[in-house]
Each structure stands twice: as C-alpha cells, then as structure tokens.
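Chemist: Here it is: the structure, laid out below.
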Ligand SMILES: Nc1ncnc2c1ncn2[C@@H]1O[C@H](COP(=O)(O)OP(=O)(O)OP(=O)(O)O)[C@@H](O)[C@H]1O
Ligand SMILES: Nc1ncnc2c1ncn2[C@@H]1O[C@H](COP(=O)(O)OP(=O)(O)OP(=O)(O)O)[C@@H](O)[C@H]1O
Ligand SMILES: [Fe+3]
Ligand SMILES: [Mg+2]
Ligand SMILES: [Mg+2]
C-alpha cells in the first residue's frame, strides 16, 4: 500500500480550544517535552493532561462512560491492551483515513492510531556473553543454559506472551514459560531487568528496547547490548497508541501532530522510540526496522489478555 | 435553697444512691462524709445535672428536676468545685475566673478577696495547690451560683495547707451567702467546718445533724466509728444512767430504752490516771498527737478503750493505769449486739 | 544502718538539697516532713540510687556511694514504697510480691501478716487503695531490704484508711526490724508514727529530733508552725522564766538567753476560762474538733492566741473570756524579730 | 439512655469509609473467587513480609520511642523530627534507591568499591518496608511511654532489677497497646503496598491484585482486595484484643545517658536513619549531578502542600467525632474500627473504587474536593488514633466544670475539649499530612486534571528513568514534611507545659 509522507507541524492546522488528554504510564516524562512543544506551537490550545498508570486510566475511561460522564478527549497509552479495553467498549472515535495513511500498513487501525513502536529485545551482559552465544529463536532460549531476567507482571511482556500464543499455540507457550521460569530471576519491571543484566545478575533479559538505550545513554560504558531474535514473538513490534474519545476535530488534529515529522523524530532521538512514519531514522543503537524481522501480527489481537494471564498463572509464572 | 426528696440514682442497673432526702437552708453548709465509693460524688453530680436521676426530685426554688424533667447542668445555676480543681489549663487565672462572665465585677471581687491579684495572668500549671484551689473557688463564686457543690475540694492538698484553706473556703462561702454541700472523707474536716454533717454509707444517709450531735450521739456504730476514735464498753442502761466496769455516767439510749448496752466512749470521756495502786488496765499503745497523747488501755475484761491525755503526761506501753468514766454530758448507748 | 553526710543534690544547675546529714539506727523510723517541693522525694531517690548526687556521701555499712562512686539502685538493697503504690499492673498481687524473689518464703510471710491471702491472684487494678498500699509494703519487705524508704505512702488514701494503715505500716516495719525513712507532709502522721522527725525546708534540714522535742521545742518558727497550731506572744525571758501579759511560765531559750522574746504557745498551753469578770480577750472563732474545741482569742494588745477546750465547754465567737498560761513544761522562746 | 452526641457523625464517617468497600463488592459481584492453591505461597509471602516488617518496625521503632521519650538529649525535638522523617519518603522511592545502591554493581559498589549484599527478596522487602514504616510504631509507642509514671521503674530497680531488665519487664509490658496500635498501621501499610515488594522481587498478594488489575480484570482485582480485607479484619480483631491496664498519668522517666551510651545509641541508629533518608537523597543527588539540573516547577510543591494541608484539616475534623465515639461505647468502638479498612486497600484499587464512587458525584469528580475526600478516607485512622489517645487523657471534670459554669455541651466542647486535645489533633493532622504528601494512586486518578504533586512528579520521572530529576522534589518532600513534623512537635510542647 501507499504510505503518505509525514507532514511537518508547520503545515498542520493550528489547534485551538480545550482538550483533555489521558496519558497512560510514565514514559510521560519523555512525552512531556513533545506535549510542551505542541502547546508552545499552539498558544490557544488549552491542554489538560491526566497522567496515570495505563490500566488505571483505561478503567477510569470505562467507568466514566458507564456513569455517562466523559472527561477525556484523547487517550494516549503505552500498551495496546489498554487500548483494546477502550475500543472494545465502543468508546473510540474512528480514525480519518488520511491520518492512518501516514503509517506503515501493518500499523493502520480503524479506531486508534499507533504513535511509536517498541521492539521486544534481548538485552545481554557484554562481559559475560557475546552476541553469537545468544540463540536467534525465542523458543530455543528456553533450552539454552543462559540465566534470564524477566518481568512477567509487566504489560509489554504479557503482550509478547500473547503474541507467542498466537504464533506458537498455547501448549508450546506454556512449556516455554515453564522452562524459562526455572532459569529466571523475576523483576518488578523491565527497567529492573535491564539493570539486573547490566550488573551481571543474569546473562540476558527480556525487555522493550528503549530501557537498554536509555540506560546506556546515562552510562555509556555499561556492559550491555541488545540482541534480537528473528521472525518470532521475541522481536515483536508493539506500539503505543492514541485514540480519540470525542468527535471534536480538535482531537483528531492533535493526533496529526503526534505523527508529524518533528514529533516522530524527537521521540526517536530522545525517547528511543521507534518511529512508525516514513523517512524518520530509528534511534541510535538499534538496527532499522527493515533489518529486523518482526512477526506479522495484528496488534489488536494482543488486547485479548485474559487467556494469557490464565496461561501464565497455570504455568506458575504469575 | 435546695431540697431533695426521695432521690435515687442508678448506674445502669446498679442503684448507687437510694431515697435521699435533704434540704439546705440559705447560707447553710452541709458536710457530706462517707467512705470511698459510698456515692458522695454521685449525689453531687446528680444535683449539678451531670448525670440523670432515677427517682425523686430536686428542687432549687427556681427549677425542679425529676427523672422525666431534665434540667441541663448549664441551666441550674449551680457552682461546683472539684477535687482536682478542674481549672482550664489553657486559660490564665483571670480567664478561668471570668469564664463566660458578662459582668466581670463579681470576678474582680473574688480575685481581690481571695488574694489572687498577683496571679491573674498566670497559667494554672504554675500555681501551687493552694492557689489553684482558691482560683477554683473564685471561679465558682464569681458566677454567683444559687448553691455550691464542693467535691473533696481539699483532698489533693498538703495537710498543712488543708487546715488553712478549709477556713478560707468556709469564710468565702459565708461571705457569698450561698448554701453549699461539701463532700469530704475527712471526719475532722466534716466536724469542724460545716453547719451540719451528713454521714453516708452505701448510698444511704445514716444521719444528718449538727457536728456535735453526730459526734456525741451518733445514730449507729458506723457513724460513731466513722467520725472519730471510738471504743465501746458493755454496761447496763436504765433511767438515763449507764453503769460500766469503769464507772457510771449519764447516758442516752439511741436504739433502746434500757437493758444490756454498749456504751460509746470517746477518748475524752475516759480519764486516765497513773497511780501505784488500784489500777484496772494496761496501756497497749500510745500515740503522740502534738498537743496530746492518745492511749489504748486494755481492761481486765479484755475490752480496749482509748483515752486522750495531755502531752505533759508521759505514758508508755505496758504501764499499769487506772481509767474511769469522766463526763458530764450523756454518753450514747446502743443495744448490745447478739454474740 | 544508714548514714548520710554532707549530701547535696542538684537538678541541672539547681541545688535542690544541700548539706544533708543524718544517720539512722537499726530499726529506727525517721519521719521526714516539709512543705511541697522542699526536696523530700529527691532525698529518697538519691538514697535509693535513682538520681545522682552532687556532693557528700551515703553509707549503708555494706556500700558507700559518693558523686564519683555510683552504686546502682539494684545493688543497694533498699526497699521503696511509693505514693502511688507503683504496683506492676500486669502482674497479680502474688507475682508483684514475689517479683524477683528466689526464695518466696518471706513473701509468704508478709502476705499472711498483712492479710493479703485472699487477693493473691488478683490484679492490682481490682484492689482498693488500702489493699494496694499493703501489697506495696509486702513487696518491699519481702525483699528483706537493708533499709526502707517510704514516699508519702498514704497520701493517696482516705483519711479514715490512713489512720489505720499508718499503724499497720509502722508495726510491719518494726516487725521486720529494718530502719526506715518515711516521707509525709502530714504533721499528725509525722508526730505520731515515727521515732524521730526531720523537718525539711527548701532542701535544708531544720531539725531532727524526737516528735516531742520537735513539737514543744522547735528549732525555729517555721518548724513550730509546721508541726501544729502555734501562736506567739511577746514577753520577757530571763533565768528560765518567761513573763507575758497572760502569765508566767518556765521557758527555754532556743536562740537566746534572755531579753525580749516571743513565746511559742500551743493551744494546750493556754487555759481558757469563761467568767463574768476579769476577762482579757474575745473569742474570734471556734472550731469543733470532735473531742475538743479549738478557740482563737484576741487579746487586748491585738495578739491572737489559740486554746483548746473540752468539747463539753460551749464557747461562741464574740464571747469575752479569760486566758492564761497553764503549763508545767518549759515553753520555747525566740528572740523577738526586728519590726 | 441517650446516645452519645458523637455517634451520628461517627456513624456517617464509618459509612463513608465503607463506600470503597461497597464499590469493591459491586465490582467483584460477577466474579467467582480466584483464590486457588497457587495463591497459598503468595499468601505465605505476604504474611511473612508483614510479620517481618512488623517485627523490624518494633525493633527499630520501640527503642527510638524510648530514646525520644525518656533519654535526655540535646536537640531533642530535632531528633524526633529526624526519627519520623522516613514517613515523608514514598516507600517505592526508598525501595528503588536501596536497590540501586546495594548489591554487586550497585552505586555503593561503583563509587566506593565496597561490595554490599543485594537488597531483594523477602529480606530486602522487609528491610525497606521497615525503614519506611517504623515511625508509625515509634510515634504511638512514644506517646504511650510519655504517659507512664516513672515510679514503677524506680520500684523495680529498688527491688533489685537492673535498668535494662526493667525496660523489658516493667516498661514494655505496659506499652503493649501503643506498640500494637503502631504495628497495626505498619501491618496495614505493608499489606496495601505494591511498589516495594514488586521492586524487591517478592511475590505478594498485592502483586496478584496488580496483575489482575493490569489485565483489566477489575472484578477479580476487587475480589482479591476483598480477600485482603479479610486479613485486615483479622488484624483489627487481634489488635483490639490487646489491652493493657489504664494507668494514672505521672511524671515520666528521665534518663541521663553517659557519653559511651550516647555513642552507642548513635552508632546503632545513625545507619538506619542514613539508610532511610540519607541514602535516597544521596542517590538522587548523585544522579542529579550526572544528569544536570533541568529545571523544576516549584508550584508543584505548593500543590502538594496545600492539598495535603486541607486533607489534614478535614481528616481531623472527621476524626474528632469518630475518636469520641470510640471512647463512648461499644458501638462507637466498632465505628472507629471500620474506618481502619481504608488504610489496608491497595492504592490503585482504592483509587479505582473511588473513581466509581466519585462518578456518582459528578460535581465533585476530578476536583480537589474529591481528592481530599479520598485522602481522608485513606488516612482517617492515623488521625483517629492520635485524637483518641489525647482525648483519653483529658480530665473529665474539666468539661463538667465548664457545664456547671453555664456552658452548653457544644460550648464546652469548643472552648475546653478542643483546645486541650489540640496536641493529639495536631499530631493526627501531621500524620495525615505526611501520608497525603506521599500518596500517589488516588492523586493520579482523582485529582483535577493537570494537577501535579511532588509524589506524582516523582513517579513520572522515576517511570521515565530520569532519576536525576527526582532529587529536588525528593528533597522538597522531605523538607516540607519535616516542617509539618516540627509544627506537630511545637503543638506537643505547648501542651506539655499546660499539664
Ligand atoms: N460512671 C460510673 N459507672 C458505673 N458505676 C460508677 C460510675 N461512677 C461511680 N460508680 C460507682 O458508684 C459508686 C459511688 O461512686 P462515687 O464516685 O459517687 O463514690 P464517692 O463516694 O464519691 O467515693 P470517693 O470517696 O472515692 O470519691 C461506686 O461504687 C462506684 O464504683
Ligand atoms: N526531674 C526534675 N527536674 C528538675 N527539677 C525537679 C525534678 N524533680 C523535682 N524537681 C524540683 O526539685 C524540687 C524538690 O522536688 P521534690 O519532688 O523532691 O519535692 P517533695 O518535697 O517531694 O515535694 P512533694 O511534697 O510535692 O512530693 C522541686 O522544686 C521540684 O520542682
Ligand atoms: Fe515501558
Ligand atoms: Mg468521689
Ligand atoms: Mg514528693
């Protein structure tokens, strides 16, 4: 399909009026600058931001809808599960086609639009391993003798397990989980996983790519690098996304800003997120999207968390 | 004026005071004594309207309270002085005394009269016990109550201070001209300060009378023992005369007209003489009391009587002495208890 | 045995007790009296080793404590009875008494002797004040201390109870045969219970002597007033004889040998007679004391003296009376104060 | 019998604190129990963590209470502020910094080359939780200690017991109540906290709840929270069984320590306090130095301060009738107990429950007002506890005295009871203030949109990995909280003079 070229903010309509954004999960610290820049560019925009854990905001949006109250115009979430909850509740407004046309085809959805991507990666400790020692298949890792750090309670990990279930089936996934569990060390979040790898507590970890890049940017000599699997859930590209809850064109126009050249390149260079529009280079430290081979998966499917949680629990992982 | 009739008070199902009747003339001070837990404080609290009553009636002339008709404490125009002073610690002496006063001149009056001028801006915590007590009194009287209730107003003070304050309080009450009920468990205080004494036991009044009568003609042995050193000696009573092994004396039958009786002896009714012959008892203990000595003498029959002698007479335990009745006023006699 | 020499105690920079000297014979009970805040409790605490001393020495025969040599409380073999009983509320009576006892037989002994048998399994909270006091005493004595310190052991009790317990305690101490220092602020208690009395003021001992001498021959006016009703009348003193406007009497100069003096009069030293002629004073108040009446008489010169009369004599304020000295023992006289 | 005047208000307060639980019940109503045998070891973890934390808090809190109540120290008040300061630091921040500092490759190892054991698992979680909850035990025990009369210790000593032994046999048994009250707060806090055990890689009940919550199984999360409430109920029951005899108040003990004793105390407790407060601030400063200062909007500190201050005031206003009810009868005691439940519900679940509750009041929803109600519901027990203790010590004859001087019950309350229990009221307010300052979830979910506080800001930069930016707000949080504590202690001092 054709991909429309990204637009510059200068050619976007000015935003005027009041807009309330529910901003899920904390990478907010990084998104903050983006939001500030948008506000600066549009002095007549009154942007209200509510930050909170993604799941909590999704629950809030559903609860508000049930009570017949709508406070949020936009919901920007880092996790597609939360987006699924809101779209399944029928609360999201359709995305204009010219907007989704700017995205790569596999990232076009009717009711929401991804903003940036994040890849599942295998951070590893460079003083304990070389890249060659790491299997390129996620399933094989279960049979290796590497010690592993993971954060099974973390939403992105669960999305990854969902992807594995879809690609490999429940049985294989359950076996994989059980095997990994034997050699794993559990962390609260994937930042913890990456820190654990860097300290040498474990050989490798399962984590979104940006944690490694951020840690290395603060500590360039960190004994840490990224490895990727190929063509399996291990290098799933997931996305943070935004959806509109009000039919006010202002909300849609705000989304356009998020997909603008400037915002996308800022997110890539500063937040180490993967741009999903054309012509923006990926953050330093990871190969370009075309050089890695993520699995083909409809991200909306990942919202179906329930069976994953049950599987993980019955495998004794949760 | 205050009159109480058939008053009963319960805590839950527990009757603590029953069938209390009393009335208080203008300006009169009634001392209420009794052992711990006999219901003294309970009566005062009921009169003040701080606890509900179960039966009977309280009439102040201005209002009337019954179990049905409750008159709240703040409407009773009653003054109360508490054992632990109950001064408001966050207010100065003056603020305590002027508490809720519209016209502060009676407050000023009592500040002057009780010599509190120099403390008026101090907090209670910095005052001595006696000063606190005076402030409490001033506060109560400054509100010009119709009657005053004092709940052991001196029991938290030094013995030395007590003696002084007791009279200060009496004088202040008399100066204010209000009737008062003054609770104490100190029989000395009860006898000396008040116009009448009421002796309470187990929630029941045993006797209400002048101090002299309560002391010398107590209604029963409990009252006799409670109000001071008392010994009993058996004897015969007929026609206003009691005959005992240590002599005869005029007597008054409290609960009998004649027959075998026990005669109430106060230490002052027994004359002790140290002589070389004719002794009828042996001293078993002696207590120096300052101005006098109190001696306990065991008679041949085994009865122990007490006698007070001048401090100039030196008596020692073990001394053989002669004791005899020595009184011109009638002694109280009681029916002998069945053995 | 216990001897204290030149003991001084400071709280911070504040000297609370200075230059205390005293020694205690075996078996002797020393009563320590004085107004509030004079340092009585401080002395006891220092003797017990609960607070440090600043100067002087405490010697028990078994140990010797100075400001340098601290002997901890638990090593002093001292018994202490506290004003508020200080029973352990979480232990039963028996556990309190047997507290840390290896051999419980002395505990049993005192339980029996003080009649605590039926309470032994009760918690202190359920006991009356008098019972608590007995438990405290039993606990102290069961530990067979070398000496006992009692800090106002009765001040939290009823007047009626006090009188009884006072003697129980004395008897128990005598039975145990240990020396004791007993702090009180009740002069009656001080005079009657102990073998000697020490009067303290502002951290300094004013007098230590037998009760009789302290009462009748006080070292100074403070002691005189503190130990009981006292009035002073001016007079001349020479050759063991005092001459006053109400008569002459043998006298002893406390701080002078002759000259213008004030004569200490106790109420018993003044004889009051009601007659129709020759009266020299007017009664200004009368207090009924049970066995007697205390009267205050204002003389023509303005001096007020007090006299105690039998309760059989009825005197009323305003009566004209005749008062005279009536004593065979010498009266204490003091140099007249400069006006 | 007339009902105590405080009952209606207390009942209302109790019912309102029950609303979150009611919401949980409705949320959970379509869910079958999800408690399977697998959860048993999680339950075991939870209970072990709770037990160890309570134990740790007692081991640290009781001695510190003892020191701050009895030992004659220079700068006594300052020490007390320092002892209580850990309450100002959100425990997840503490957990994170401790994790970052310790272990091989941790900051201490990096900077000083000293190998340190890593902080994780049950022991790590218990250590961190202890460090941030022991002040609860310290504060309640201290106020019990201050109300004890010294004479009993003196009695024990003259009966031949050494000072140390007396502490254990004579003092401690009498303050069991105070220790239990503090331990209850610690236990509830431990039960409801998620961040610390998660960071320390310990599987606890709250983690199960979070997993369900994040998987959008709100019903299950609610059901599990209700199961947690059963534990809370048990704890409340156990605590209410612990009774010590009430005692007359007296002059408290004063101990004059020798030089070596002072040093010993310092050597024992300085590391603990350094760990709890010094370390997080040091680590943040280290990161600040690495990242460089990038600006901080100080109005955020103001937001935190005034929201917490209002919450503190509202909480004590509600706490007063509840505390009075607790002292007036059995029913009142039950009402008081009920208010404790709010403290034991995990923050995020509580936050969501309050969103549901708040949506019923659209005029309040997402306003500061609702946020303050939320703070009040969560932290009411802190205020109730300290108001109750101070009221217990109030001499009843003072109120009677005011009544017979002509004051109505209301006037007597306003002019006598209130000013005289101000110490407890201020202490309660300060505790609520501290907890509100570090509260996160309700603030995120219920505050006005765009309303940022120090703790939400800390959370935001922490999530983003911009740890350096946590230095300034972290420091501000500690400083402002210390000021609140200082205010609380001046209130206490003023009151001591009066008694
Ligand atoms: N609030 C109460 N509830 C139940 N019983 C009470 C209450 N207050 C007092 N009592 C009981 O009522 C009885 C009388 O108590 P009250 O306080 O009137 O005695 P008292 O004569 O004042 O004693 P004291 O000399 O010790 O002050 C006692 O047995 C006491 O236990
Ligand atoms: N811990 C303390 N610190 C400072 N001063 C104290 C302390 N304890 C007592 N004092 C002061 O020392 C003096 C003596 O006190 P102490 O308690 O010995 O008096 P007391 O004679 O026992 O009085 P009371 O009859 O009231 O018991 C008082 O002025 C008191 O204020
Ligand atoms: Fe993330
Ligand atoms: Mg009473
Ligand atoms: Mg004392």
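Each residue, glycine too, has its Cβ placed from N, Cα and C.
Curation plays no part in TrEMBL annotations; they are all automatic predictions.
Quantities reported herein were computed from a predicted structural model and do not represent experimental measurements.
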Chemist: For the feature transmembrane segment as recorded in TrEMBL, pick the matching range from D:147-164, D:363-380.
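Modeler: It is D:363-380 that TrEMBL annotates as transmembrane segment.
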Chemist: Counting CB pairs under 8 Å, which listed stretch among D:7-29, D:78-102, D:363-380, D:412-434, D:466-489 touches the transmembrane segment (D:338-357) the most?
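Modeler: If we count Cβ pairs closer than 8 Å to the transmembrane segment (D:338-357), D:7-29 scores highest.
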Chemist: Does the structure show the transmembrane segment (D:466-489) and the transmembrane segment (D:49-71) touching, where I'm treating 3 or more Cβ pairs under 8 angstroms (sequence separation 6 or more) as a contact?
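Modeler: Stretch pair does not touch.
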Chemist: Using Cβ atoms and a strict cutoff of less than 8 Å, what residues sit near the transmembrane segment (D:122-139) while being 6 or more residues removed from its termini?
Modeler: 45, 48-49, 52-53, 56-62, 64-65, 68, 83-87, 89, 91, 94-95, 98-99, 179, 182-183, 185-186, 189-190, 193, 196-197, 199-202, 204, 272, 275-276, 386, 427, 431
Chemist: Which sequence positions outside the transmembrane segment (D:306-326), separated from its termini by at least 6 residues, show Cβ-Cβ distances below 8 Å to it?
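Modeler: Same-chain contacts beyond the flanks: 4-7, 9-11, 13-14, 332-333, 335-336, 339, 368, 371-373, 375-376, 379-380, 382-384, 387-388, 391, 418, 425, 428-430, 432-434, 436-437, 443, 447, 451, 453.
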Chemist: So which residues does the transmembrane segment (D:260-286) touch in its own chain, when a touch means Cβ under 8 Å and the partner is 6 or more beyond its ends?
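Modeler: Cβ under 8 Å, 6 or more out: 60, 63-64, 67, 71, 73, 82-83, 85-86, 88-89, 93-94, 97-98, 100-101, 107, 111, 131-132, 467-468, 470-471, 474-475, 478.
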